[in-house]
Amino acid sequence: MSLEFDSFTLAAATADLSEEPRAREHADCVEFRMDLATESLTALASYTGELPIVATNRTDREGGAGGEESDERRLDDLARAAEFDSVGAIDIELAALESGAAETTAAHARDHGASVIASAHDFEGIPDTDGMRELLDRATEHGEVGKLAVSATDPGDVLALLSVTDELAGEGKRVATMAMGEAGRHSRAVAPIYGSRIGYAPVDPANATAPGQYDLATLRELVERLR
Ligand SMILES: O=C1C[C@@](O)(C(=O)O)C[C@@H](O)[C@@H]1O
């Protein structure tokens with residue numbers, strides 16, 4: 001089952017697929033953080049949930065726990081994840097796509113009907129507007145969706161991110177954006193209005209996969225009320 005991200009899609013982010021029944025009420029899909037899970041391929045093989053899965057195997061370099069040294073193994077596991085019917089998309093870092101390291105991973109995923117989210121994360125801060133536009137634009141060239149997560153220290157940081165989101169979405173590009181951190185939290189509720197296609201929230205707030213996330217029920221309610 002392929003995930004197209006034709007409209008806003010709310011992902012319940014988790015390292016534990018047994019949480020899926022609790023996510024169903026609010027989420028459109030599950031983001032399975034393979035890098036935070038144990039035996040992730042075994043968990044995928046025994047998944048019997050209803051929600052389609054976005055498989056993510058995040059590298060340490062972009063805030064994950066997938067290791068830095070074992071990029072080949074990490075990407076290989078991601079490619080194998082895409083073989084499961086339940087996996088509708090995989091998330092690959094733009095850096096790995098641009099270096100060519102993940103070219104076969106992306107092709108393999110598409111061969112198995114899974115789309116590709118090309119993602120970039122800045123855990124240190126927020127690039128300037130031109131930098132964000134350029135990164136996001138490049139991401140949309142490599143993925144069915146281009147995603148940018150930045151770190152805000154001030155609510156004003158979010159303005160530039162929203163404006164770039166609005167601009168690229170207005171050009172018909174599929175983008176997903178969010179500002180991490182407390183100061184950026186509101187971006188998660190507001191960015192969908194400007195065209196962001198994917199939101200992430202943990203089922204259990206104690207298990208956030210990024211700083212400043214709302215819990216799933218709250219984000220769903222905020223997005224619904226604001227649109
Ligand atoms: O890339 C993202 C976005 C994210 O970092 C966030 O800020 O919500 C959460 C991650 O799980 C996901 O892979």
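Placed from the backbone N, Cα and C atoms, the Cβ positions cover glycine too.
Between the candidates R73, R188, R227, TrEMBL assigns the 3-dehydroquinate site shared with E31, F32, R33, R58, T209, Q213 to R188. Proximity of distant same-chain residues to the region 'Disordered' (55-74), defined by a Cβ-Cβ separation under 8 Å and at least 6 residues beyond the stretch ends, is recorded for 31-36, 40, 44, 81-82, 87, 89-91, 93, 95-96, 101, 114, 119-121, 123, 210.
There are 20 other Cβ atoms within 10 Å of the Cβ belonging to T209 (3-dehydroquinate binding site). Of all residue pairs in E31, F32, R33, R58, R188, T209, Q213, the annotated binders of 3-dehydroquinate, the farthest apart have Cα atoms separated by 20 Å. Within the same chain, the residues at least 6 positions away from R58 (3-dehydroquinate binding site) whose Cβ sits under 8 Å from its Cβ are R33, D35, G64, A65, G66, D91, E93, listed in sequence order.
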